[in-house]
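*Asks:* Not my notes, these are from Swiss-Prot:
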BINDING   C307, C310, C353, E360  [4Fe-4S] cluster binding site
Amino acid sequence: MTPQVASDSAVPWPRRLTQAVNIGHLTVGGGHPVVVQSMTNTDTADVVASTKQVAELWRAGSEMVRLTVNNAQSAAAIPRIAERLAMMGIEVPLIGDFHYNGHQLLADEPACAEVLAKYRINPGNVGFGKKRDLQFGQLIECAIRYGKPIRIGANWGSLDQMLAAQLMDENNRRKQPWDAAQVLREVLIFSAVGSAERAVELGLPRDRIVLSAKVSGVQELIAVYRDMAARCDFALHLGLTEAGIGSKGIVASSAALAVLLQEGIGDTIRISLTPEPGQSRTQEVIVAQELLQTTGHRAFTPMVTACPGCGRTTSEFFQELAKTVQQHVRDKMQVWKITHPGAETMTLAVMGCVVNGPGESRHANIGISLPGTGEMPVAPVFIDGEKSVTLRGGNIAQDFITLVDDYVERRYARFPD
């Protein structure tokens with residue numbers, strides 16, 4: 001695929017036209033906003049722990065949550081988890097993640113099949129040998145019976161070995177054989193798209209199918225999805241598999257997904273981070289939201305611009321204020337998204353000295369330019385490009401937060417006084 005030439009406008013390219021897939025109360029693809037999803041790492045059979053983590057992910061902003069369904073106990077737990085979430089007032093589509101035995105679990109636990117909003121199927125391990133087509137067909141029949149969409153998710157860590165061997169043999173007979181990376185890419189794409197077309201032949205509508213083909217290399221992922229997007233009109237789920245821990249996982253996922261999203265490819269995303277010991281699982285949700293927001297695809301919470309600091313900003317106060325303001329607006333968005341729609345598009349600036357402080361603050365809806373080393377101990381505040389007030393004294397942080405809240409009330413209140 002030849003990359004497009006960017007237009008003069010500083011916006012992402014038009015979204016790729018795909019099938020629109022209804023998943024619970026959400027619609028994925030068909031031009032709808034890119035959806036953020038996540039996955040639990042609890043034992044699904046532990047109803048209390050799994051319900052708690054789904055709720056945490058939902059509160060952080062996950063719009064769909066996937067759970068492992070690997071045995072009879074976990075399948076039986078799904079309806080109980082859904083019931084507890086409903087009692088908590090949480091409406092979030094639950095996705096069942098099936099490998100090896102999904103056909104049997106869905107047949108044995110009809111309540112699980114009914115409650116799940118979508119089934120994730122791995123074409124690389126849905127069945128082996130002669131059983132593959134039979135067990136794949138049973139899964140599709142279940143999706144048709146219960147009116148559920150599916151995601152056919154190929155992964156280079158669990159490739160269909162028979163398909164891989166077949167395509168490698170075909171490649172060896174070429175006059176000009178592809179390199180190993182091209183063959184791998186073809187196996188992934190053929191596995192996903194071919195399985196989807198087989199599902200359609202079995203009677204599953206095209207608008208109940210989402211595809212993914214995940215690898216752990218940035219350039220490989222970009223190449224796979226560009227190729228797959230050119231071959232089909234199915235909605236696509238993006239994710240860099242096994243992205244890793246900490247900053248490496250964040251950077252790798254963002255580097256790959258940002259390119260694809262900019263090209264209009266992708267209808268739902270997950271950031272597959274390895275949590276650090278003791279770290280909340282919700283980080284993957286926050287990173288996904290920030291990726292979509294900083295690239296101009298969606299808005300979730302007011303964005304805070306802050307300078308990195310230099311020798312002019314020896315005080316840590318501006319860093320602490322930037323962190324406090326970011327956490328404040330993120331916490332408030334739980335209420336603001338209902339009472340003050342549009343507040344999520346607001347921009348704020350917390351700057352540390354006079355060099356870029358006033359200018360950057362003028363670009364924001366509301367910004368503060370704190371004094372740097374040797375500057376007067378005053379902090380001018382700019383609102384919608386105009387200097388509004390100068391803050392002094394020991395309550396600058398709280399005074400600025402009050403100004404932010406007042407601004408939100410005046411500009412975004414659903415029912416202004």
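All residue numbers here begin at 1 and follow the chain in the order shown.
Glycine too: its Cβ is placed from the backbone N, Cα and C atoms.
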*Asks:* Taking the centroid of the Cβ atoms of C307, C310, C353, E360 as the [4Fe-4S] cluster site, which other residues of that chain lie with their Cβ within 8 Å of it, listed in sequence order?
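*Replies:* Counting only non-site residues, the set is P308, G309, R312, T313, F318, M351, G352, V355, N356, G357, G372.
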*Asks:* Indicate the candidate from C307, C310 with the smallest number of other Cβ atoms within 10 Å of its Cβ, considering only these binding-site residues.
*Replies:* C310
*Asks:* Counting every protein chain present, what is the number of Cβ atoms, excluding its own, within 10 Å of the Cβ of E360 ([4Fe-4S] cluster binding site)?
*Replies:* 19
*Asks:* Using DSSP and collapsing to three states, where does E360 ([4Fe-4S] cluster binding site) fall: helix, strand or coil?
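*Replies:* Looking at the DSSP assignment, E360 ([4Fe-4S] cluster binding site) belongs to a helix.
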*Asks:* Including all protein chains shown, what's the count of other C-beta atoms within 10 A of the C-beta of C353 ([4Fe-4S] cluster binding site)?
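*Replies:* A count of 23.
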